[in-house]
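Data first, discussion second: the structure below is written as structure tokens.
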Amino acid sequence: MESHGSGLRRVLLLSFCVAGIWAAYIYQGVLQETLSTKRFGEDEKRFEHLAFLNLAQNVVCLVWSFIMIKLWSNGGSGGAPWWTYWSAGITNTIGPAMGIEALKYISYPAQVLAKSSKMIPVMLMGSLVYGIRYTLPEYLCTFLVAGGVSMFALLKTSSKTISKLANPNAPLGYGLCFLNLAFDGFTNATQDSITARYPKTSAWDIMLGMNLWGTIYNMVYMFGLPHGSGFEAVQFCKQHPEAAWDILMYCLCGAVGQNFIFLTISRFGSLANTTITTTRKFVSIVVSSVLSGNPLSSKQWGCVSMVFENCGLGMPSGVLYQAMVVDPELYLELAGVSWRSACILYNENGTCYLYRRYHAAGLDRKISCYKERLRSGIVGIKKDDAVALFQSMLRSRPLPTVIDFSKLFTGIAKTKQYDLVLSLCKQMESNGIAHDIYTLSIVINCFCRCRRKLGFAFAVMGKMFKLGYKPDTVTFSTLINGLCLEGRVSEAVELVDRMVEMEVLPNLIILSTIVNGLCLQGKVSEAMALIDRMVDNECQPNAVTYGLILNRMCKSDNTALALDLLRKMELRKVKLDVVTHSMIIDGLCKDGNLEDALSLFNEMKTKGIKADVFTYDSLIGGFCNAGRWDDGAQLLKDMIAREITLDVNTFSALIDSFVKEGKLTEAKELYNEMIVRGIDPNTITNSSLIYGLCMENRLDEANQMTDLMDSRGCDPNIVTYSILLNKAKLVDEGMRLFRKMSVGGVVADTVTYSSLIQGFCQSGKLNVAKELFQEMVFEGVHPNIMTYGILLEGLCDNGKVEEALEILEKMHKCMIDPGICIYNIIIHGMCNASKVDDAWDLFCSLPSKGVKPDVKTYTVMIGGLCKKGSLSEADALFRKIEEDGITPISGTYNTLIRAHLREGDLATSAKLIEEMKSCGFSADASTIKIVMDMLSDGRMKKSFLDLLS
């Protein structure tokens, strides 16, 4: 609801406009009468070029408005463009000229009588041409004021007036007055339409546009046409300076009056202005009559009362409309309407007719007063409420400014109802309310937030340029964020460069957004190049922006580049903090560059930057992983001395390092110290200790710690269970842990399933292993090559070669590359199943499959050939190993040596043994056993043993 104070301020502004218009134009009327009747110079000539007054006034007002705009208005304020006034300029030029010409045939009071109905054509033109809707009080005001002035003029009849009315040229004068009224009506209606479309239009904008076109048209009329009298008027002024002075004063009065007129139009509408100007002429007659000693009759005073009592009704569109709808008594107080006139609006029960009419249309008090709703806040506004508020704003008169609509759209956008904002913006524009830079920015933001509508956002930006607006940092920031969200970071970089060209410097939010997008795509060098360009353009990023690049460098193991960037930041006077240094120290520790990390740590002390717990955690973890316990312990003491609170990460790093070094006792002592200090161990801490217990085969203690984790609300994760599963003695125990893990909500991963499948395969429970493999696939956990290898090896070791080949075929169909490890398992299984020929065929087909055999493949195949008794083929394959550039291993030699010994070929065996020894290998247990057996049964001499030594 509009406050009374707000209404009174508008009443005071309107009163100021009324006073200004009346004062300026009453004095201008005196000057006009002087110019039209006074005789100038010794020759006593009259100034007969009254149309020249319009041109002179246009020029003076044009200069006046231009100066005012330059002095007081902001550039690009959103006012109506000058070319929109061309039609109003025509009618505004022709209309007053006809009014001046009419004075040649009728008296000034007679002209007032004719113009007393001026408000009627204004309303007609507004309704018919531009669709403007007026309220009931405005219609009442129009007819009552027009009627009051007409009755007064008719009652005030003098001999002079009668003689003018009887003039044979009087009809021509009234005809000119009629055309003057029609053109004035069109002019005022056009001005109302322009003001509605461009809410930020100021009085000086209107004044400039109207007088610019008026100057152009009058110049053509006065100096361009054959019958034009412009040159004669100028010559007259040169000859009679007194007339020139009166013309100048006339123009200055017009400039002052126009100031107030266009201020009234921009704030209250043309109908209010017409009411003021009509009553101004009426007052000039009343004052003239009183001052001249011609008393008014009682009927004439009644007409005066009728006019002024009903003038207040003409202001609802500008001042009193909301007061009338929301608070009728305040309206009557402000408008000064007597109860006699108020009965028109009230019924006998005292209920406001207009309020009942609006209430019946579905508009309650809160909705009709949109400003109160906007002031009270529209946080979290719902769709239906937003639409209802928007519709009530469209029905308000005068129409709300675009700023009010911006507030509504901003509130709706904050609720993420972007499509609704776009729809309402379209309706606003279709109702003649032009966008400004703020609403266009809101539209751009909504398009950027909607999926696949970023192109529309750029189209709106093009419209912004077309309207003469210069996008600001917020607009660019919205577009850049939209581009980055769609992964179009390169285009965002181009847009930033375009911003710089337009002398719009990007802010830190824009830079950080783009740098983050580039870093996420791994384009660190491009991010650095962008920052360098921004620095060259005096746009200095802060530590946060640089931190995004440093973080990406450290995670990509480019700590050397991170150190270089740190030095560059120091040269650029960027304020460095503990976060920046800790980030680099952590990266250096993970890369194993402990000396550089320690050097940077000491440098922090020199700079007066205090290290935090994250800095110490990184260093302690790095030193512990490198086995430098003394340095880690010294840092721990330093933390305690500096009263830096140890956190769970500090203890976890130390415990993990102790466990990996086999110092389980020290790890448990540190674990207990952690609990004494009131720091709860997390899953990582407990998993490290459980791993240490499992490494020492203390599985019962490990399981107890798992139960202790559950009791403390620390849930074991997949790593914890994987450690226990790998060390489980029995497959049944492994399954128990597996089911417990599932009940606890921990999703098993590939490693977990692989461990269980391996256990069941090794225990010969192939059916359970296969079922577990199927469950793994069904749960969406993808088996890797290791999982397939475990299952295939289990099948082959248990003689299920055919099933293994079926799984291999499924791998091919699923486009899974088995790799040489899988083929080795299959070939080995075939050889063990006495399917050496099939194994040989598969071996020979490997090159065609794009798979290169390795030394294990050759060893397995040689073993199969030897088992079959094909020693010559085995020897040939052995020699082919060297041709393929593969070095035989100990198993390769021992397999072939044993085969030749079994065949009694001692010479070949001795030669292979010598070759094996030269390669640094020795006979294995199986080979030595065969030799000992042959010695015992006399098939070999003892001297052969010397070859094995």
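Glycine is no exception: its Cβ is also placed from the backbone N, Cα and C atoms.
Automatic prediction, not curation, is the source of TrEMBL annotations.
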Query = Pick from 12-30, 50-68: which range has transmembrane segment per TrEMBL?
reply = 12-30
Note = Mean pLDDT across the repeat 'PPR' (577-611) comes out at 89
Inquiry  = Can you tell me which parts of the same chain pack against the repeat 'PPR' (507-541), counting only residues 6+ beyond its ends and a CB-CB cutoff under 8 A?
reply    = 473, 476-477, 480-481, 484, 487, 489, 492-493, 496-497, 499-500, 548-549, 551-553, 556, 558, 561, 565, 572, 574
Remark   = In DSSP terms, the repeat 'PPR' (854-888) comprises 27 helix, 0 strand, 8 coil
Message = Using DSSP, what is the helix/strand/coil residue split across the repeat 'PPR' (889-923)?
response = 26 helix, 0 strand, 9 coil
